[in-house]
Amino acid sequence: MAAEKLSTRHLLGIKDINRNDIELIFETADNFKGVINRPIKKVPSLRDITIANIFFENSTRTKLSFELAEKRLSADVLNFAASSSSVSKGETLIDTVNNILSMKVDMVVMRHPYAGAGVFLSRHINAQIVNAGDGAHEHPTQALLDAFSIREKLGDVAGKKVVIVGDILHSRVAISNILCLQMLGAEVMVCGPTTLIPRHIHELGVKVEHNLRKALNWCDVANMLRIQLERQDIKYFPSQREYAMMYGLNKEILDSLDKEILVMHPGPINRGVEITSDVADSKQSIILDQVENGVAVRMAVLYLLAAQRD
Amino acid sequence: MQKRTLLDGPKFQITIKRLCHQLIENHTDFSNTVLIGIQPRGSYFADRVQQELSAVLPESKIRKGNLDITFFRDDFRRKDGLVSASSNSIDFIIEGKNVVLIDDVLWTGRTIRAALDALLAFGRPAKVELMVLIDRRFSRHVPIEADYTGQEVDSVDSQLVRVTWKEVDGEDRVILLSDRNK
């Protein structure tokens, strides 16, 4: 039996929550998965809550997923994209958010290109903050939905071996995933070219492997990350083609393994780079399950945070 | 804490039998009627009603589901605790059915109000009735009454009515708990 409430008022990162919190979120998400598969996919829990989605960085999945989760919980939703706002006229983060809050917003879901933006905001404003990705720091809801999907497919996360392949250096998904999976008792390995693996990552207690085939032979689950070209200021590998040859997951490698592994991807996919189309669309791929679970997990996070009264 | 037993032993069993026979009077063979227990504790009562009806009507298939109302409560963010939900398990269509909602204790009526909301998310029933084992009368916050009542009880707000079931608590019994200091 999980705890009755979360230990935190904000969801800033996996490192700020504990195992009980994660289990409570998963149990609640199980219920919400039932809700979103009913004829009427909505519950009235958050009908007196207003949530602002503030995205200072582009997003399709996360933004749609949060928005849908909020609407399924009957919250009022404000959407804000920095690219089409006064931020481009020089308004500061706190000013922008305070202006939004004076419109009586209870919760802020924020994505920002700078690490720690959510933490900064939580210290200066009164609303509850959900971090939807801050720079190369954390992306807690993605890690939660990834672990939730593994739990759904394999029964449990504890004792499972998960390899995270690709651009670990620029990835907030990798950090949050490592922390979340380890908290739930899984073994984690990272795999990629040396230039894209942070030098001290083994201090987090993860294995490091530079050979994709060895990594895949070891694991139960492979989480293929996107190469984040927009964050790469220098060349980390000679060409995308060479990266795809060394670290791309294709049907041939997948079929040559002696066991069936689960293939995950947080999206957006660069087909033909980190993963080929036939693998992304294969039976072993749970990429679309991840998207469905994303809505249920985010509903659970928003619902449980809203239950934390001041 | 003072305890007073309201119902136990043979009287408890007779009450359930009587309620089941009242159901049969109105629903005959249960071909278009389903039982829905309200989670968590109404589902134990609904299990018992299902067993009893199946014993009396061996030819009929008595369908029963459990309904969780957590996300439909009107005291979310107003009262501490009670955020985690139980499961829903309704593996039949509710559209057009006669639904008998089953709960152990009817008190303020707010749970039943939420249950009516929650039920509509599964379709539009032809008719909804309410069966409770204990009706704490004169304490309603909303205009809701039961169609089938095991026993009526006069109680004050500081008292608590607790129904225990043999399967989960070891004993069939209804007790009234009152705090002597209040």
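Cβ from N, Cα, C; glycine included.
Predicted, not measured: the structure shown is a model, and the values here were computed from it.
According to TrEMBL, the residue from A:ARG111, A:ARG231, A:ARG241 that belongs to the carbamoyl phosphate site alongside A:ARG61, A:THR62, A:HIS139, A:GLN142, A:GLY267, A:PRO268 is A:ARG111. Residue pairs drawn from A:ARG61, A:THR62, A:ARG111, A:HIS139, A:GLN142, A:GLY267, A:PRO268, the listed carbamoyl phosphate binders, are separated by up to 16 Å at the Cα level. Look at A:ARG226 (L-aspartate binding site): DSSP puts it in coil.
Across all of the domain 'Aspartate/ornithine carbamoyltransferase Asp/Orn-binding' (A:159-305), the predicted model scores a mean pLDDT of 93. Within the same chain, residues at least 6 positions away in sequence whose Cβ sits under 8 Å from that of A:GLY267 (carbamoyl phosphate binding site) are A:THR60, A:ARG61, A:ARG226, A:ILE287, A:GLN290, A:VAL291.
Less than 8 angstroms from the CB of A:ARG172 (L-aspartate binding site) sit A:GLY133, A:ASP134, A:GLY135, A:ALA136, A:HIS137, A:GLU138, A:HIS139, A:GLN142, each of them six or more residues away in the same chain. Residue annotation for L-aspartate gives A:LYS89, A:ARG172, A:ARG226. The furthest Cα pair among them is separated by 31 Å. With helix defined as DSSP H, G or I and strand as E or B, the domain 'Aspartate/ornithine carbamoyltransferase carbamoyl-P binding' (A:9-152) counts 69 helix, 27 strand, 48 coil.
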